[in-house]
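According to TrEMBL:
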type	residues	note
BINDING	B:R113, B:N151, B:W315	substrate binding site
BINDING	B:C117, B:C160, B:C162, B:C165	Zn(2+) binding site
ACT_SITE	B:E152	active site, proton donor
ACT_SITE	B:E307	active site, nucleophile
DOMAIN	B:398-604	domain 'Beta-galactosidase trimerisation'
Amino acid sequence: MPVSARGDSKVLVGVDYYPEQWPRARWPIDAKLMADAGVRVVRVGEFAWSEFEPAPGRYAFAWLDDALQLLRQHDISVVLGTPTATPPAWLIQRHPEILPVDPDGVRVGFGGRRHYCPTRAVYRRYAGEIVTSLADHYREHGAVIGWQIDNEFACHRGGCFCEECRTTFQRWLQRRYGSLEHLNETWGTAFWSQTYTAWEQIPLPARTVAVHNPALRLDFQRFVSDAYTEFQDLQIEILRTRCPRHFITTNLMGLFDELDYFKLSRPLDFVAWDNYPGYHGPADPVRTAMAHDLTRSLKHRKFWVMEQQAGPTAWEGGVDRSPPPGLLRLWTWQAVAHGAEAVIYFRWRTATQGAEQFWHGILDHDGRPRRRYEEVARTAAELAGLELPPDAVPETPVAIVLSYDDRWAWKIQPQHAAATFDRRVGDWYRMFRDYGIGVEFVAPGEPLRGYRVAILPSLFMLNDATAHQAEEFTRTGGLLIVGPRTGVKDETSRVRDVPPPGPLSELLGVEVDEYDAIGTDDAATVDLTLPGLPSLTGRSTIWSDVLGPRSADVVAVYRDQYYAGRPAATLQMAGRGAALYVGGFWESGLLDGVVRWALRQQDLDAAVVRRSNAHDVEAVVWRSAAARYLFLLNHGDRSASLGLAGQWAELATQQPQSETVSLQPFAVKLFVAR
Amino acid sequence: MPVSARGDSKVLVGVDYYPEQWPRARWPIDAKLMADAGVRVVRVGEFAWSEFEPAPGRYAFAWLDDALQLLRQHDISVVLGTPTATPPAWLIQRHPEILPVDPDGVRVGFGGRRHYCPTRAVYRRYAGEIVTSLADHYREHGAVIGWQIDNEFACHRGGCFCEECRTTFQRWLQRRYGSLEHLNETWGTAFWSQTYTAWEQIPLPARTVAVHNPALRLDFQRFVSDAYTEFQDLQIEILRTRCPRHFITTNLMGLFDELDYFKLSRPLDFVAWDNYPGYHGPADPVRTAMAHDLTRSLKHRKFWVMEQQAGPTAWEGGVDRSPPPGLLRLWTWQAVAHGAEAVIYFRWRTATQGAEQFWHGILDHDGRPRRRYEEVARTAAELAGLELPPDAVPETPVAIVLSYDDRWAWKIQPQHAAATFDRRVGDWYRMFRDYGIGVEFVAPGEPLRGYRVAILPSLFMLNDATAHQAEEFTRTGGLLIVGPRTGVKDETSRVRDVPPPGPLSELLGVEVDEYDAIGTDDAATVDLTLPGLPSLTGRSTIWSDVLGPRSADVVAVYRDQYYAGRPAATLQMAGRGAALYVGGFWESGLLDGVVRWALRQQDLDAAVVRRSNAHDVEAVVWRSAAARYLFLLNHGDRSASLGLAGQWAELATQQPQSETVSLQPFAVKLFVAR
Amino acid sequence: MPVSARGDSKVLVGVDYYPEQWPRARWPIDAKLMADAGVRVVRVGEFAWSEFEPAPGRYAFAWLDDALQLLRQHDISVVLGTPTATPPAWLIQRHPEILPVDPDGVRVGFGGRRHYCPTRAVYRRYAGEIVTSLADHYREHGAVIGWQIDNEFACHRGGCFCEECRTTFQRWLQRRYGSLEHLNETWGTAFWSQTYTAWEQIPLPARTVAVHNPALRLDFQRFVSDAYTEFQDLQIEILRTRCPRHFITTNLMGLFDELDYFKLSRPLDFVAWDNYPGYHGPADPVRTAMAHDLTRSLKHRKFWVMEQQAGPTAWEGGVDRSPPPGLLRLWTWQAVAHGAEAVIYFRWRTATQGAEQFWHGILDHDGRPRRRYEEVARTAAELAGLELPPDAVPETPVAIVLSYDDRWAWKIQPQHAAATFDRRVGDWYRMFRDYGIGVEFVAPGEPLRGYRVAILPSLFMLNDATAHQAEEFTRTGGLLIVGPRTGVKDETSRVRDVPPPGPLSELLGVEVDEYDAIGTDDAATVDLTLPGLPSLTGRSTIWSDVLGPRSADVVAVYRDQYYAGRPAATLQMAGRGAALYVGGFWESGLLDGVVRWALRQQDLDAAVVRRSNAHDVEAVVWRSAAARYLFLLNHGDRSASLGLAGQWAELATQQPQSETVSLQPFAVKLFVAR
Ligand SMILES: [Zn+2]
Ligand SMILES: [Zn+2]
Ligand SMILES: [Zn+2]
């Protein structure tokens with residue numbers, strides 16, 4: 001039974017550990033220090049292929065056996081990483097064709113990590129063998145509880161452009177399309193004379209003159225994603241057979257978009273991700289929250305943080321700022337509030353050698369416990385004292401539909417440089433979070449039932465199934481909110497021959513008559529009048545849809561630009577629900593109006609009612625059968641106070657909380673309402 | 001007899017059309033909508049090779065026959081594009097060596113367009129065959145009136161760096177120089193030990209350590225230009241033989257500078273160009289005007305706009321802003337005012353597939369006529385009502401000498417990063433345009449006779465012939481204006497061993513004593529005193545020539561820098577004319593002084609006398625034997641008014657115009673004076 | 001006996017000359033003009049391989065013999081350059097494998113310069129042959145006094161990534177480490193599974209996925225540096241044998257950091273460098289001074305400027321500003337003040353052909369003497385009148401320890417983007433220069449004896465020997481100043497397992513408890529209280545060390561950030577000296593406090609006591625047995641005045657100087673005190 005599902009709602013605290021990088025004499029000291037700090041689980045081995053198999057077919061597990069023995073003595077469980085992110089030097093020497101090829105045809109050399117072509121058959125064979133050996137060796141080991149497959153799939157690079165990838169892609173297309181006629185038709189190869197008359201003619205989207213067909217680029221992205229998923233599945237199959245009692249996961253990368261994380265997650269027991277909020281610039285707690293929520297949404301269940309930042313990070317450009325006292329604790333609590341059931345700090349001790357010498361762990365290079373160790377230990381103790389009912393989960397009345405196909409299509413043809421993921425998706429996410437309203441991400445095709453509000457945020461490439469689901473959702477009482485550029489394309493990347501929002505036009509009662517990529521140097525002024533709400537005026541940037549309402553009511557109108565007086569948003573009642581179309585990227589004042597209206601319309605309980613200057617405070621609500629819980633997290637380095645709705649008591653003390661709550665810098669508070 | 005020369009001065013309105021990208025059922029609807037909008041000509045086929053020749057030697061023209069049949073029923077003429085910009089997939093599979101090679105040695109892949117090496121013999125053979133087949137098939141077709149060769153030669157990339165290009169370049173050099181001694185001497189290969197002792201040693205200017213010899217780079221650019229010209233000539237020869245009654249043109253790209261457009265235009269009946277004023281940033285109407293005028297100047301006759309922007313454009317970075325109501329009309333009239341005898345909108349309907357999915361046509365993806373269709377139709381109707389006398393042409397008393405050799409030399413060795421084409425050439429162009437004075441561009445070696453003012457704007461690489469012509473022009477009454485860095489080099493890229501302006505020193509009566517690349521962070525102050533004009537003080541940036549007058553009068557002096565008190569410009573009377581040397585890049589106040597003085601000196605009639613706040617209004621004067629015409633075009637989105645000189649009447653109403661004329665946003669007015 | 005050591009303290013003035021680029025008829029004119037200007041030495045031949053050896057094994061020296069004959073008639077000595085920076089076209093045709101390979105595997109083409117792989121055996125053979133032939137021909141020539149090897153080693157590129165470099169690197173590693181076990185241990189290849197089991201597996205740090213091991217990168221940089229040194233030594237050996245009476249040097253590039261200049265300089269008689277203060281942006285006289293001083297420090301003896309800027313420079317982006325009158329003279333005097341015993345202007349006459357057409361010499365393209373010629377001649381005359389005692393040398397009581405290993409380690413892993421060389425090293429240099437206190441750079445391992453102050457400025461990779469030397473220096477009365485990030489790593493690039501400053505912790509009595517890469521967007525406020533100095537408050541950016549004093553006194557404290565109240569700098573008396581640790585990059589106000597304190601502490605005589613607005617004035621002090629000399633150089637284009645300490649008289653007039661001295665723009669003054 002996987003740990004993560006054992007019904008124990010206690011949060012696991014752990015560390016990422018590399019015994020192979022330290023002298024054996026240090027190991028017992030490490031194990032003792034870990035245990036003292038409350039570490040209950042350790043991840044090991046994910047880059048240790050050359051230690052496990054120093055020469056082809058010669059395996060060496062004794063060193064790890066010894067290390068695990070020490071951990072076990074301190075009652076620490078172990079997650080084993082399969083080491084396939086780093087094929088060893090001897091393997092590359094024997095099969096240099098394993099190395100991936102760049103879009104400009106250069107075969108990339110040994111010396112970093114993730115230096116393998118994901119489709120290469122010979123590599124899959126070697127990877128299968130090392131995983132098999134590991135599984136056979138550790139299947140009955142008392143400390144081992146589960147597996148992490150590979151490490152951060154597709155990090156640093158997406159696709160490979162080698163000859164084997166090309167022929168594999170061609171076969172993938174053959175399976176997908178059956179005939180060249182179908183492929184030519186679907187891709188529209190009549191454009192620029194690209195009709196293929198043999199499968200072998202189809203190129204990879206490598207360096208070309210001008211640009212590639214977006215349909216080919218989209219299919220290549222799908223193919224790359226499938227290749228990694230296939231490579232993962234091959235390992236899962238080996239592990240499932242040999243280690244039926246172990247759980248299987250992999251460590252994802254939050255908002256990373258090279259792979260379809262919904263598909264990749266499917267065969268896993270639960271997912272994990274690597275969380276570095278302070279890497280490369282100041283932390284954005286809302287993005288981190290969104291990454292947590294997306295990760296949780298992949299399987300709609302709790303998840304692990306497999307690598308949690310534990311000190312200053314550093315990559316090629318220099319060292320990032322040090323997390324001040326309290327921030328490691330805050331990040332840990334944030335993870336827990338969003339549904340992490342384990343938080344594993346990366347890494348135990350800072351490496352003194354190798355490419356990540358200044359990517360700091362809990363301990364510094366010298367291995368001495370200092371303030372970060374103390375903070376982790378304190379946090380672990382706090383979490384050990386936390387026990388919410390087993391059925392308590394984040395309350396998420398709002399669904400945001402998100403598809404990787406769509407993210408790829410947008411990357412291939414960004415409709416505007418400023419229409420980033422944060423603007424398309426994050427803006428909506430942020431507005432609801434501001435009221436402590438939880439958001440769940442939903443893949444196209446997943447049911448929307450049970451949500452009160454569903455957002456289709458610039459869902460550029462909307463398929464008919466999603467449209468259908470949106471309709472059913474609305475007619476049965478949901479509030480549907482649709483952003484600009486939704487429904488422009490079908491899932492083959494073809495622009496629909498009806499105006500946007502395409503298959504949603506009837507439900508929304510509106511068509512886009514024309515549009516203006518207004519950008520961010522200029523802005524359109526919009527007057528918004530939602531039923532029961534005072535009028536609001538604000539700015540709309542990046543994109544202006546000029547709407548032609550068919551049957552919907554106009555709820556917003558442009559005040560300037562050549563489309564002054566024409567509709568900017570419409571609302572249509574549909575069945576027991578309502579459908580709102582918002583034709584631009586609106587500034588927060590207008591979006592706030594939409595959200596306030598939506599909360600009232602759908603009878604949602606906002607935990608937060610006034611924030612004034614408390615924008616750094618995050619509020620996360622959980623519910624169980626018996627109670628509701630409220631996490632307040634102050635991400636700011638100043639004190640903050642905000643107003644709460646409802647009757648809350650502090651969980652620890654059971655003292656009732658007054659209407660206004662104050663939080664110290666980086667403070668965490670947990671309330672309950674019954 | 002080519003349409004464009006048939007004496008009918010009516011402007012043709014047309015569209016670029018891709019029947020192969022749409023269902024047959026749609027074709028009749030398209031043809032009807034076109035005819036309704038006043039479309040009289042359609043360009044087709046320029047990317048349709050894979051449709052024309054689906055397999056080697058198997059031709060398929062029936063589909064186009066059917067489409068043309070429908071157009072003919074609506075009395076729409078057809079220009080056929082030769083499809084050589086897009087070799088089909090089967091050809092690349094058969095001959096991958098057709099694909100071009102990058103300067104870093106990477107052979108670029110199939111998947112975009114223009115993926116061919118311009119010198120490759122095997123490609124020329126295949127290209128000749130498809131053109132021959134097309135010519136044979138359509139030579140007698142009733143709708144076909146002419147040909148467009150290929151599409152936007154050298155777009156996306158200039159030269160190819162393959163082995164065949166290298167040997168072809170070596171042979172080209174052998175023809176040019178005869179002996180290695182001559183080449184070594186001309187290139188100055190004694191510098192950095194580059195003396196060649198075998199033709200095979202000569203490299204292409206591919207990736208090297210440090211930088212290549214500028215003389216080699218210049219010759220390579222000439223070679224590339226010649227290669228495209230040769231490739232075009234090969235097609236022209238086929239078409240001339242087979243279709244003697246059809247005109248032949250190609251679509252150029254305005255101010256694009258990779259190819260010598262003068263040479264490329266020579267064998268064509270007339271030239272055409274593709275005009276996208278709103279692509280990638282706000283339109284600059286003066287640059288567009290300059291591009292129109294340069295295109296007209298290539299053959300000193302009217303031209304076509306083969307692709308005229310018809311909606312929002314989009315390339316990789318996102319969609320550009322939508323042209324507001326009135327702008328398509330204005331752009332069309334601007335083209336006409338500068339001498340376009342046909343305006344073909346790109347494209348009829350926005351593609352739903354392929355790399356240009358968001359490069360919008362007249363119709364949107366859904367094919368429904370909306371405001372852009374209405375505006376095009378209205379404009380076509382206006383133009384159908386316009387009939388100026390057949391001998392009416394733009395009045396261009398000012399010549400700007402421009403050579404592609406010189407543009408290349410400047411690109412290879414920019415004398416200053418801020419000395420862009422717009423600063424070197426555009427500044428002069430702008431100043432004359434401000435008074436409604438027309439400019440013609442003139443190639444070195446072309447006669448200057450008939451112009452009143454000739455400008456040599458930073459003609460870095462001035463050959464002796466041009467110098468000679470400038471002298472004759474001046475002595476016979478012309479006013480010659482010479483900008484900084486003129487005459488520095490000879491046509492082999494060798495710096496002359498006399499100071500600038502080299503062969504013009506005697507005519508101008510001045511030598512450059514020294515110079516200072518002052519840049520744009522600093523500026524020199526200049527006092528300008530032209531005969532009969534009050535003194536002016538202004539700033540000179542980028543470059544300061546410090547002049548040593550031999551026989552000229554000093555008309556400008558530096559007020560600061562270490563050359564304070566020394567001459568910045570000189571004037572010398574020469575024969576019946578005058579020669580002015582301007583030793584810097586002057587701000588508009590000073591340049592305006594020069595132009596006002598020049599107008600008076602050369603007795604030129606400025607149509608515009610006061611513009612105050614009307615800088616967005618363009619004025620273009622035409623003349624015929626019997627009358628003068630004045631186009632006023634307001635490119636601004638605000639009303640504007642300006643003062644006119646002379647007695648003008650509105651052409652449509654024959655109402656006399658008062659001295660001050662007002663224009664609505666994007667308005668066009670046409671006046672006549674007899 | 002090398003010229004540079006002949007006891008004649010007169011400064012040599014010379015020019016870089018390329019007779020092969022000019023007609024023979026011009027040669028006598030050039031020689032005459034040179035002699036008239038006071039030119040006493042000429043460098044020739046360093047790019048003339050194709051002239052010396054027009055075909056394999058066929059040598060042609062007669063042309064140079066003739067040119068040298070003319071120079072000799074004017075009593076001008078000659079330095080011969082070996083032409084190995086430019087292998088000729090015939091050699092590349094014969095052995096294209098000589099061409100270097102880029103990190104992405106592209107073999108770079110012929111056409112520039114320095115197009116050779118530094119390890120390639122076949123190239124070394126050809127290079128040896130041409131050098132041998134030159135040496136044999138000129139060994140007894142009356143004009144030739146010495147040799148310059150190659151030209152600007154490693155300019156444009158550092159390492160080559162060809163197969164021969166790879167195998168040579170592997171052999172180099174084998175010699176260095178003996179066994180793979182040792183290499184694996186030293187590099188820490190357990191990180192990311194990079195354990196090597198065969199030497200052939202070891203890659204070059206070419207394009208990879210993610211990043212290479214920093215230890216590998218460091219060793220590669222050492223290998224590249226060694227390869228050039230070896231290539232130089234091969235030439236030196238030939239020349240020493242054949243031309244025992246000639247001196248041997250090479251032209252370095254100041255602050256350039258691709259090669260270990262200490263090692264490269266060792267076998268040379270003296271070093272030379274190429275000084276272009278006005279290249280690519282306004283001159284920074286302090287950086288130029290630092291480059292002079294570093295060059296002098298390489299062998300701790302006087303040096304040559306082999307190329308001194310003589311006019312506007314220009315590379316690919318355009319022409320740089322022209323040095324105004326007085327600046328060439330000033331630059332020359334600056335070189336002399338820092339210990340140049342020869343100043344050779346680059347170049348005699350501006351090339352009319354080749355890649356450096358606008359890199360201006362003394363004469364313009366037309367060969368006419370103008371103001372730059374006059375200024376050079378005037379300066380040469382001044383220098384001919386200057387004769388300081390033979391034992392007079394710059395007075396340098398301050399040592400800055402600088403190692404190329406360390407510079408490379410920093411480049412490989414910059415600790416912060418803003419911690420540039422100028423911030424790490426230049427900040428200290430600048431502060432002492434402001435008081436006219438001379439600085440000598442010292443390599444790790446060189447004795448510190450004799451200096452009063454020694455600075456270890458962010459010596460990231462500090463070896464034990466240097467630490468030991470620092471200790472001895474301090475205990476015997478020196479003042480040691482240590483900057484942040486010193487002692488982090490050992491010389492194998494491994495982070496020490498003790499906290500910084502590692503081996504200096506005991507001497508300094510302090511350990512770094514933690515650190516914060518605060519950057520430049522924020523800053524920490526520091527209160528500094530040095531003994532006997534009023535308190536100062538200022539800003540510290542980029543990096544904050546939070547110190548844990550063991551036995552040292554706290555002399556600076558943070559006032560804000562999360563480490564408010566904690567130590568920012570410490571001072572410990574040690575033996576007869578003192579050791580100061582400064583834990584951040586401090587703004588100049590704080591650094592000035594440190595320097596003023598250091599001067600008093602170590603009893604140093606600052607020549608300059610007040611500068612108020614005279615920050616452009618440089619002061620350089622020399623001393624001989626009998627006297628001290630003071631050079632004042634006003635680098636500003638405004639007059640300046642500053643206060644002097646001590647009794648100085650103007651050298652030329654012997655007039656006593658009052659306390660306050662005034663300098664015209666670009667003025668040079670020389671004083672003496674006895
Ligand atoms: Zn591959
Ligand atoms: Zn080619
Ligand atoms: Zn090499």
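From the backbone N, Cα and C atoms, a Cβ is placed for every residue, glycine too.
All TrEMBL annotations are machine predictions without curation.
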Exercise for review: Taking ligand 2 as the reference, state which of the recorded positions B:R113, B:C117, B:E152, B:C162 have a Cβ closer than 6 Å to one of its atoms.
Suggested key: B:C117, B:C162
Exercise for review: Provide the three-state secondary structure of B:E152 (active site, proton donor) computed with DSSP.
Suggested key: coil
Check your understanding: For the recorded positions listed here (B:C117, B:E152, B:E307, B:W315), which one has the lowest count of neighbouring CB atoms within 10 Å of its own CB?
Key -> B:W315
Review point. Taking DSSP three-state, what's B:W315 (substrate binding site) in: helix, strand or coil?
Key: strand
**Study point:** Integer Å distance between the CA atoms belonging to the residue listed as 'active site, nucleophile' and B:C165 (Zn(2+) binding site)
**Key:** 31
Study note, to complete from the structure: For the recorded positions B:R113, B:C160, B:C162, B:E307, proximity to chain A (Cβ under 8 Å) holds for B:R113
Check your understanding: Around the Zn(2+) site recorded as B:C117, B:C160, B:C162, B:C165, what other same-chain residues have a C-beta within 8 angstroms of the site's C-beta center?
Key -> B:P100, B:V101, B:P118, B:T119, B:R120, B:G159, B:F161, B:E163, B:E164, B:R166
Check your understanding: Ranked by the number of other Cβ atoms within 10 Å of their own Cβ, which of the binding-site residues B:R113, B:C162 ranks first?
Key -> B:R113
Practice item. Would you kindly give the Cα-Cα distance separating B:E152 (active site, proton donor) and B:W315 (substrate binding site), rounded to the nearest Å? Key: 16
Check your understanding: Are there residues of the same chain, six or more positions away from B:N151 (substrate binding site), whose CB falls under 8 angstroms from its CB, and which are they?
Key -> B:E46, B:F47, B:G81, B:A85, B:R113, B:R114, B:N251
Exercise for review: Out of B:E152, B:C160, B:C162, point to the one nearest B:E307 (active site, nucleophile) in space (Cα versus Cα); all of them are recorded positions in the record.
Suggested key: B:E152
Exercise for review: Taking the Cβ of B:C165 (Zn(2+) binding site) as the centre, count every other Cβ atom within 10 Å, in any protein chain shown.
Suggested key: 24
Study note, to complete from the structure: Going by C-beta under 8 A and a gap of 6 or more residues, the same-chain neighbours of B:C160 (Zn(2+) binding site) are B:P100, B:V101, B:C117, B:P118, B:T119, B:V224
Point to revise | Nearest-integer angstrom distance between the alpha carbons (Cα) of B:C162 (Zn(2+) binding site) and the residue listed as 'active site, proton donor' | key: 21
Check your understanding: Hey, what's the widest CA-to-CA gap across B:R113, B:N151, B:W315, the substrate contacts in the record, in Å?
Key -> 17
Check your understanding: Which of the three DSSP states, helix, strand or coil, fits B:C117 (Zn(2+) binding site)?
Key -> coil
Check your understanding: Per DSSP, to which secondary structure element type does the residue listed as 'active site, nucleophile' belong, with helix, strand and coil as the options?
Key -> strand
